[in-house]
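Features reported for this protein in Swiss-Prot:
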type	residues	note
DOMAIN	402-484	domain 'RCK C-terminal'
TRANSMEM	6-26	transmembrane segment
TRANSMEM	34-54	transmembrane segment
TRANSMEM	57-77	transmembrane segment
TRANSMEM	86-106	transmembrane segment
TRANSMEM	162-182	transmembrane segment
TRANSMEM	189-209	transmembrane segment
TRANSMEM	217-237	transmembrane segment
TRANSMEM	240-260	transmembrane segment
TRANSMEM	279-299	transmembrane segment
TRANSMEM	302-322	transmembrane segment
TRANSMEM	334-354	transmembrane segment
TRANSMEM	366-386	transmembrane segment
Amino acid sequence: MDATTINSLFLIGALLVAASILVSSLSSRLGIPILVIILAVGMVAGVDGGGIIFDNYATAYLVGNLALAVILLDGGLRTRVASFRVALWPALSLATVGVLITTVLTGMVAAWLFNLSVIQGLLIGAIVGSTDAAAVFSLLGGKGLNERVTASLEIESGSNDPMAVFLTVTLIGMLASGQTGLHWGLLGHLIQEFGIGSFIGLGGGWILLQLVNRINLAAGLYPILVIAGGLAIFALTNAIHGSGFLAVYLCGLVLGNRPIRSRHGILHMLDGMAWLAQIGMFLVLGLLVTPHDLLPIAIPALGLALWMILVARPLSVMVGLLPFKAFHGREKAFIAWVGLRGAVPIILAVFPLMAGLPNAQLYFNLAFFIVLVSLLLQGTSLPWMAKLLKVTVPPDPAPISRAALEVHVTSEWELFVYRLGAEKWCIGAALRELKMPEGTRIAALFRGQQLLHPSGSTTLEVGDLLCVIGHEHDLPALGKLFSQAPQRGLDLRFFGDFVLEGDARLGEVAALYGLKLDGIDPGMPLSQFIVQKNRGEPVVGDQIEWNGTIWTVAVMDGNKIQKVGVKFPEGTRPGPGLFL
């Protein structure tokens, strides 16, 4: 390869990445997932469009694995362990039982549609059986879903790859050797994948955390150390036959949930790297496919995709979540709909090609077609479906910017910046009148171009910029303090006419609003009553019906319900209440 060829590759690669970024601005306007647009750029530049011929499956496999490792590391860093209280076991059930059911149901129909053997059909089912972390993390961000739904989908997508990889590799081995039966040794291999992946991911994450916190480096080197460490854990786990995908996700989880040096620098760097990984991966996969090869299989492939989306996935979710009573029907329906397929099925479809199996190209084309249908149909309808099934909650007000204050190695202090508009509650109030969360301080106040020294008598005006020092756990309280007036209206429409304290006694609530207890202990706190009726760990947005009224969890403090909204039938708004 001469210098001219190398330079041409640099130019083409840079143009494709730049084109993907620029065209992605159409995503929000058209309502099309950004991943579909990037995939389309690759297809347009490929053999049937721009004429770029790319058929190196080994390179695609390399790029795909590298990209997924970075994406899962970033996803783990941003997942809060606190969300595990409501979603760990349901998500693991979906990641194992759910994938198995989807594989079997999809595989049987694939065998019938394409006149294949049962094992070949099951291989197709295994290839497309898992949801994709890149697609889920990308499309769920900023949608305002309740914690139970978001955590279930994110943990499932981060942990279901071992099952899909295990089934795919096992079925490829059976086809290559002519086997037709299953044996108990396969279960041990699956346990090995999960066990080794979990052990090395958690252990390696802890070791990497100690390195980051104990070694003094230039600030820009910490993110690189984290990425290098994550990739090393991914590769080592794969080398000893564990699940590298699970390991790198758990590594990120450990790093993201412990005090770590240069947290914001690491998160900002990983955010950019995750975007680059997604762009590179979907560009390569778009270049790899030959669009005209998809036309002959379009009708049966569409039928298979719709079967998986409308039948196989919902049934797998129904069975997988059967033991978990806290999930409402609308939450199960939404989780069933967001069975997003992305890069993982296409990468798994490369396995049969590299193994030289008959019909390998058919498997690849089918996987690509199903991913395309999934992203277009499920991805584009996600916001609409979330509203239809009522799984969204009013978003918490957020500062316009936030930055870390590295006052010591594992400092968790941050600087939050709020801009005060005319609709803010605190306009006209003196600073001494504000009930700030304990441990927070207003460090500076900007008015126009002028920096003011804030004192207790300083009166807030429209357009002021407030710089507040605090911790991440102070954000909800600060958000309420500096929230906009329209937010209060939204809260009341969602949570109800009044908001009560969670520790209010049922007897007092019943007397206040004229409700019947019907044998219920009057001394029971309202929060405990809701937990009993809900039959599971509560999250903001959970609702129960009692005495013809709707009671909604409005504010959580860790595992405890702090405030509860009550909504009365139209025309019946008795008694006083507390506004949120």
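The chain as shown is numbered from 1 upward.
A Cβ is built for glycine as well, from the same backbone N, Cα and C atoms used for every other residue.
Remark: the transmembrane segment (6-26) contacts the transmembrane segment (279-299), by the rule of 3 or more CB pairs under 8 A. Taking Cβ pairs closer than 8 Å, the transmembrane segment (217-237) reaches residues 65-66, 69-70, 73, 196-197, 200-201, 204-205, 208, 211, 243-248, 251-252, 255, 261-262, 265-266, 268-270, 273 in its own chain, all 6 or more past its ends. Along the domain 'RCK C-terminal' (402-484), the predicted structure has mean pLDDT 83. Contact between the transmembrane segment (57-77) and the transmembrane segment (334-354) is present: at least three CB pairs lie under 8 Å, with pairs separated by 6 or more positions in sequence. If you look at the transmembrane segment (302-322) against the transmembrane segment (86-106), you find at least three C-beta pairs under 8 angstroms, all six or more positions apart, and that counts as contact.
With a threshold of 8 Å between CB atoms, the same-chain residues lying at least 6 positions outside the transmembrane segment (34-54) that come near it are 12, 16, 19-20, 23-24, 26-27, 60, 134-135, 138-139, 278-279, 282-292, 342, 372, 375-376, 379.
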